[in-house]
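In case it helps, Swiss-Prot gives these features for our protein:
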type	residues	note
SIGNAL	1-31	signal peptide
DISULFID	40-66	disulfide bond
DISULFID	42-82	disulfide bond
């Protein structure tokens, strides 16, 4: 039994190093941005949606995460829908919302 203790002590620094590596890697992964933030959110935009169903609209400009302008509408029932920014109906909805926000 006395011979087993020195073998365990010999591996203690290696186990400590391994533990520190695992903890350091998991902290870095927890602080990293989510993969969904690094790509386009709107893969299949909708060309038409009745404006009465829209509660709010968020516009995301092109950037390193996505090369296209994205229009994300939150509907009154809580769902989200991507709108085609080139569609005439979507442009009218955005203009109305901009006019409404300037009035307040």
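Cβ coordinates are placed from backbone N, Cα and C, and glycine is handled just like the others.
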May I ask for the distance between residue 42 (disulfide bond) and residue 66 (disulfide bond), taken between their Cα atoms and rounded to an integer number of Å?
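Cα of residue 42 (disulfide bond) to Cα of residue 66 (disulfide bond) measures 9 Å after rounding.
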I need the CA-to-CA distance for residue 66 (disulfide bond) versus residue 82 (disulfide bond), whole Å please.
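Distance (Cα to Cα, whole Å): 14 Å.
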Ten-angstrom check, please: count other Cβ atoms within 10 Å of the Cβ of residue 42 (disulfide bond), all chains counted.
19
Please report how many Å separate the Cα atom of residue 40 (disulfide bond) from that of residue 82 (disulfide bond), as a whole number.
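Each residue's Cα considered, residue 40 (disulfide bond) and residue 82 (disulfide bond) end up 11 Å apart.
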Can you tell me how many other Cβ atoms are located within 10 Å of the Cβ belonging to residue 66 (disulfide bond)?
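Residue 66 (disulfide bond): 15 neighbouring Cβ atoms within 10 Å.
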